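Structure, as structure tokens:
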Amino acid sequence: MDICKTYENASKCSANSKLMECFMVLSTQAQKISIATLCGLFGMLCIFENSVVLYLIFSSPGTRRKPSYIFISSLALADLLASIIFVGSFVNFHVLNETDSSKELFLLKLGGVNTSFTASLSSLLLTAVDRYVSISRPSEYKLLVTRKRAWAALGVLWAMCVTTASLPILGWNCCTLNSTCSELFPFVDDNYLSSWVCLVMVLLGCIVYAYTHVLWRAHQHVAYMGKHQAQVGKQNTRMRMDVMLAKTLVMVLTVLVLCWSPVLILMIYSIFAKLTNHLRKVFAFCSVLCLLNSMVNPIIYALRSKELFSSLRAVFFRVKRRLRGTDDSPEADSAHKSSVVETVCEDEVRGADHEAS
């Protein structure tokens, strides 16, 4: 294991297979089985959920034209890619202990994981900005957030993520630069890891700020409508939606912080101090929390949407009808009508936001 002790000296980078063995920190069969089980379970659920979300969004003309669902589809795509690439590379490395990859192939896999998780967080930021604009400037929402601008924002987002993730394989790695290497990832330069952590923290900070503002505005709506009980109908409906929104946002922020904080804290710690093997094992298990976040995202952002849930019900009843071999399904028709009503009502709710403010 001498090569592990001298890994910070980039001259040892030529011994790829022995070097990579230093990062295979799962020493017992129980640890490997635990990681494989968690990755397999979270990965399959993540793939299934995000595939369903993408199908529901793009199979309905009413949802695929809306900027908010365009952002959610980007989130679902990023989480889908994250689950496939992360589970494949993570299990292959830590559980199967495959070391036959070259430095370039390893950095390419790491770049794929980097791209998908960064794109997931960036899509969360666009979703947060979308909701920030919808509640802070509801009367101008349709003018400010258009389909063209939504697709342009996604183009910039994915280009930025791919470019950032490609930097190590393009030359920003400790072997090429003969610089200090990370203790968490083979061949990764410490300065690159610091820059990526800063980028992620900026994204998380912006998400927290946007949702905190939305939460504050929702609280204002609840307080306002509590004082004006004379107009019962529309205001009570709006107040219930604001309470639901507040609960959703608390859930969003809680899951986001719980899933990403352990990994980021250990990354920051590794930049300034030496890591023990125990902390490396902790980091390996904490990395699975990022996959858990990708699994939970569809439930929080998509399937809690009444419109998408109505579409899901319609799909379920269509499948049920085909299995039974019947032609008529009142439940499916009802679910379809409910989805159409939700599409119309969403525009009316944004108008109600403007009136209440």
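Each residue, glycine too, has its Cβ placed from N, Cα and C.
Among the features that TrEMBL reports, transmembrane segment is placed at 33-57 (among others).
The domain 'G-protein coupled receptors family 1 profile' annotation in TrEMBL covers 49-301.
Away from its own ends, the transmembrane segment (69-93) comes close to residues 20, 23-24, 35-36, 39-40, 42-43, 46-47, 50-51, 53-54, 57-58, 63, 109-110, 112-113, 115-117, 119-120, 122-124, 126-127, 130, 147, 150-151, 154, 157-158, 287, 290-291, 294-295, 297-298, 301-302, 308 of its chain (Cβ-Cβ under 8 Å, at least six residues beyond either end). For 69-93 (among others), the entry in TrEMBL reads transmembrane segment.
Packing against the transmembrane segment (105-129) from elsewhere in the chain are residues 16, 20, 68, 71-72, 74-75, 77-79, 81-82, 85-86, 89-90, 150, 153-154, 157-158, 160-162, 164-166, 168-169, 173, 185-188, 196, 199-200, 203-204, 206-207, 210-211, 214, 256, 290, 293-294, 297, 301: each is 6 or more residues past its ends and has a CB under 8 Å from a CB in it. The feature transmembrane segment is assigned by TrEMBL to 105-129 (among others).
Sequence-remote contacts of a segment are chain residues at least 6 beyond its ends whose Cβ falls under 8 Å from one of its Cβ atoms, and for the transmembrane segment (150-172) they are 67, 70-71, 74, 104, 107-108, 110-112, 114-115, 118-119, 122-123, 126, 187-189, 191-192, 196, 199. Taken from TrEMBL, the feature transmembrane segment applies to 150-172 (among others).
Annotated transmembrane segment per TrEMBL: 192-211 (among others), in sequence order. Listed as Cβ neighbours of the transmembrane segment (192-211) (distance under 8 Å, sequence separation of 6 or more from its ends, same chain) are residues 114, 118, 121-122, 124-125, 128-129, 131-132, 164, 167-168, 172-173, 182, 184-185, 249, 252-253, 256-257, 260, 264, 267-268, 270-271.
Marked as transmembrane segment by TrEMBL: 248-270 (among others).
Residues 25-26, 34-35, 38-39, 42-43, 45-46, 49-50, 52-53, 56-57, 72, 75-76, 78-79, 82-83, 86-87, 90, 94, 117, 120, 124, 127, 184, 248, 251-252, 255-256, 258-260, 262-263, 266, 270, 275, 309, 312 of the same chain sit 6 or more residues outside the transmembrane segment (282-303) yet have a Cβ under 8 Å from a Cβ within it. Look at TrEMBL and you will find 282-303 (among others) tagged as transmembrane segment.
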